[in-house]
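A.B. asks: Quick one: the structure is below, questions incoming.
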Amino acid sequence: MAAPREAPEPRLFGRRFLTDPARLFQHNAWDNVEWSEEQEASARSKVQENSSQLLPQDKQEEYEVNAKRYWDEFYKIHENGFFKDRHWLFTEFPELAPNRNPSQNGDSVHEFSNKDDSNNEGLGSCENGHCSLETRAENQLNLIKSTPKICTEELATQKYSELNQSDGDYPGSSASYRILEVGCGAGNTVFPILQTNNDPGLFVYCCDFSTTAVDLVQNNAEYDSSRCFAFVHDLCNDQSPFPMPDKSLDVVILIFVLSAILPEKMQCIVNRLSRLLKPGGMILLRDYGRYDLAQLRFKKGQCLSDNFYVRGDGTRVYFFTQDELDDLFTTAGLEKIQNLVDRRLQVNRGKQMTMYRVWIQCKYRKPATPQL
């Protein structure tokens, strides 16, 4: 585990302050806060308690079969109002910026600056088991309230089957730098990339399990079909096609998406994404870590299996360790560039409560030459 950077260590117990709140209100967050043995033991105890009662197998199968419907309903309710633009992207992942530096390994996490958090009363709040992970954007994305475009996976499959990828006849085939975001949601990663990165050779693909989410992306005022291609895709379906051939991508982005997948299906998915990368291409991941606030808040009866839960709205979430992610990526033939834990202390100023977030950030690269 990467050694945490030096940071203030306010004396805290549980969720209420035991020190002067006015002192803590001078800041909203601290990066890489080191946990005490007592705090980690308390978190472990809460997880043991909330996972002591597993959902019946028939209910677990129902959540798997209806996963698409639950995510469609989620985006119909929240549209783009729940998740905020990820302005930290280019600090943490310079590979996405115009002046990218692929050799930079980013051994430390910079995270969000305190000045960006200063006006956020609801920082780190959770809604129906979904925890808001980013600071509020200064300007929300402006959706066009027009009739959604039809973008079903069936139509996409038919369209892709007509493409002769071996002849370079596919969206973005003339681009010199290709990025794919898997699990794009309403576009909170895609649009900052398109707005910030003016590289004329850039082409961004984005896909989601939810048709509703893809409709939101395609109907956004910032959507530019000459630089971006949004499509519906089921990662768990090996027969679900990608619009680009193998070995064509420079970057694959997985931000809080792998955790939504049945754990036993994760390896096949990572293997498949690895095949899409060019030699030297990278997978960038940020996701929930073990003992994150969101995991500790689950109640008995919401656990599906070890560290895998169902939220009240039917969507699911897994909480990783570094070793688990390392096994997934190295088994897929990728080499580690970065794998670190960011433990972050957040303060809800309105409720005078403290919240501990635990995220894992990874960069794994496809070897430039085949591994023997």
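Including glycine, each Cβ sits where the backbone N, Cα and C put it.
Caution: TrEMBL annotation is automatic and unverified by curators.
Owing to the predicted nature of the structure, the values given are computational and were not obtained by experimental measurement.
Pulled the feature table from TrEMBL, pasting it below:
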type	residues	note
COMPBIAS	108-118	compositional bias 'Basic and acidic residues'
DOMAIN	180-283	domain 'Methyltransferase type 12'
REGION	36-59	region 'Disordered'
REGION	99-119	region 'Disordered'
A.B. asks: Could you put numbers on the helix, strand and coil content of the domain 'Methyltransferase type 12' (180-283), residue by residue per DSSP?
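C.D. replies: Output for the domain 'Methyltransferase type 12' (180-283) reads 32 helix, 30 strand, 42 coil.
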A.B. asks: Please spell out the DSSP helix, strand and coil residue counts for the region 'Disordered' (36-59).
C.D. replies: 17 helix, 1 strand, 6 coil
